[in-house]
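In TrEMBL this protein carries:
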DOMAIN    44-293  domain 'G-protein coupled receptors family 1 profile'
TRANSMEM  29-54  transmembrane segment
TRANSMEM  63-85  transmembrane segment
TRANSMEM  105-123  transmembrane segment
TRANSMEM  143-161  transmembrane segment
TRANSMEM  200-229  transmembrane segment
TRANSMEM  241-263  transmembrane segment
Amino acid sequence: MQPESGANGTAIAEFILLGLVEAPGLQPVVFVLFLFAYLVTVGGNLSILAAILVEPKLHTPMYFFLGNLSVLDVGCISVTVPSVLSRLLSHKHAVPYGACLTQLFFFHLFVGVDCFLLTAMAYDRFLAICRPLTYSTRMSQTVQRMLVAASWACAFTNALTHTVAMSTLNFCGPNVINHFYCDLPQLFQLSCSSTQLNELLLFAVGFIMAGTPMALIVISYIHVAAAVLRIRSAEGRKKAFSTCGSHLTVVVIFYGSGIFNYMRLGSTKLSDKDKAVGIFNTVINPMLNPIIYSLRNPDVQSALWRMLTGRRLLAWGGLN
């Protein structure tokens with residue numbers, strides 16, 4: 001997918017990503033912090049995924065979706081952070097046009113699946129608390145797989161739509177991006193052709209991809225809250241709410257940072273605030289998810305502990 005020469009000038013073949021900091025003395029610090037965040041995120045999410053796979057107690061729909069969420073978090077941070085680390089080591093800021101669009105596609109793919117998967121998790125909590133008698137049939141393994149497959153299909157369509165629409169724009173002027181990864185707001189700023197249709201497409205598709213799932217999550221939790229408040233015992237209410245706390249925390253962080261990022265499309269200049277939001281979307285969110293679910297969920301904690309102690313006992317038995 002090579003850009004062609006246009007009437008307004010020669011189409012650029014690469015973009016220059018300025019990264020997070022320009023001062024050479026701070027780049028090693030940024031490298032260490034990003035590497036640490038990447039290792040913590042990958043290690044934490046893969047540990048949760050392993051615990052879900054090996055612990056029979058966690059073979060339930062809620063943890064099936066949590067395992068898929070862990071895979072998404074690893075994919076989401078892997079789209080941006082390894083390339084940032086590579087540029088910090090090589091001191092090269094140039095990114096080929098095709099590589100930039102590829103990063104754009106996979107970023108929106110993983111984020112899109114995240115939107116629908118969080119909605120499926122809210123629906124699971126709704127059925128478990130509000131429809132307990134029919135929960136096992138309404139949330140069967142077939143239904144779980146269909147929800148995940150539909151999430152991937154919708155997200156793929158969304159990511160492909162934005163990538164194809166972006167490939168129709170002309171880039172014949174400045175090619176410097178004051179950011180550390182390629183995304184729609186940054187590329188809109190550099191296009192020498194009109195981006196009005198692309199921005200309208202972003203808002204229209206965004207309403208479907210983010211607005212509809214968010215509305216369904218809110219509706220689900222309104223019913224959940226009403227059902228929980230009808231429980232007479234304080235212990236019963238606490239137990240019901242505890243299964244929703246982690247998910248609600250992740251939803252608020254995910255949608256809050258995402259909405260702030262794409263509401264700034266009309267800004268004429270990209271600032272350090274955009275970089276901070278980008279760090280939150282691509283690094284902090286995937287890193288926080290395993291921490292939130294492991295700290296607030298005793299089942300995950302006990303499964304991780306048994307997995308770690310089981311390995312230790314196995315290693316000790318092998319020495320003897």
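Here the Cβ of each residue, glycine as well, is placed from N, Cα and C on the backbone.
The stretches the transmembrane segment (63-85) and the transmembrane segment (200-229) do not meet in space: the count of Cβ pairs below 8 angstroms, excluding pairs fewer than 6 apart in sequence, stays at fewer than three. Long-range Cβ contacts of the transmembrane segment (143-161) within its own chain (Cβ-Cβ under 8 Å, at least 6 residues beyond either end) map to 61, 64-65, 68, 104-113, 115-117, 120, 123, 201, 205, 208-209. For the domain 'G-protein coupled receptors family 1 profile' (44-293), the model gives a mean pLDDT of 86.
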